[in-house]
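Database features, via TrEMBL:
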type    : residues                                                                                                : note
BINDING : Ser10, Lys42, Thr74, Arg88                                                                              : substrate binding site
BINDING : Ser10, Phe11, His18, Gly89, Leu90, Arg91, Glu99, Tyr124, Tyr125, Tyr126, Ile127, Ser128, Ser129, Arg130 : ATP binding site
DOMAIN  : 6-134                                                                                                   : domain 'Cytidyltransferase-like'
SITE    : His18                                                                                                   : site 'Transition state stabilizer'
Amino acid sequence: MTKIAVYPGSFDPITMGHVDIINRIAPFYDQVIVLVAQSSQKQSLFTAEERKALIEQSLPHTKNVKVDIFGGLTVDYMKKANAQVIVRGLRAVVDFEYEMTMANMNKKLAPEIETLLVFASPEYYYISSRGVKEIAVNGGALKDLVPEIVISALEKKYKKKE
Ligand code: ADP
């Protein structure tokens, strides 16, 4: 059986916390699919295509990782892709309740699929896409928080908006 994990999220934009999770789980699977959520409910700064391109450019050396975009339920994508495991990252306690609800909801929808929660590394646990955008809009330093390519993308985005 080909072991496939899906790491779904908004990735608006990808941060070093996300990159860390991807690099840590990739050795355990034949393939990891980073799934960019194209949500109709959530407003995003970057389009799904832009978010996908930024993820791809942030992971140039990880061979068994691919990036895809999906607008529906994660479990429906998983069935189509023959994937078995949903990976999510866990930072502080505040993430726990949301992740537990999602995991149980997905278990109800697709009992054969497991959710794997991976603890954020201590050096990245405080990083969030939302925090990064807040720093970027106010011109703060983004070094070590996001990949270099994301720093330029954020600078371009906010320059255009001014
Ligand atoms: P979502 O809107 O689906 O929560 P995000 O892009 O914010 O999407 O996050 C995707 C996943 O990555 C979530 O499981 C989240 O908890 C996790 N994550 C976000 N930031 C970090 C981080 N710094 N370290 C580890 N995991 C993280």
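Every residue gets a Cβ built from N, Cα and C, even glycine.
Note: TrEMBL annotation is automatic and uncurated.
With a cut-off of under 6 Å between the Cβ and any atom of ligand 1, the binding-site residues Ser10, Lys42, Thr74 reduce to Ser10. Mean pLDDT for the domain 'Cytidyltransferase-like' (6-134) in this predicted model: 96.
Long-range neighbours of Ser10 (substrate binding site) (same chain, six or more residues apart, CB within less than 8 Å of its CB): Val36, Ala37, Ser39, Lys42, Ser44, Arg51, Ser129. For the pair Glu99 (ATP binding site) and Arg88 (substrate binding site), the Cα-Cα distance reads 8 Å. Between the binding-site residues His18, Lys42, Arg88, the minimum number of other C-beta atoms within 10 Å of a residue's C-beta occurs at Lys42.
Between the candidate binding-site residues, Leu90, Ile127, the densest Cβ environment within 10 Å is the one around Ile127.
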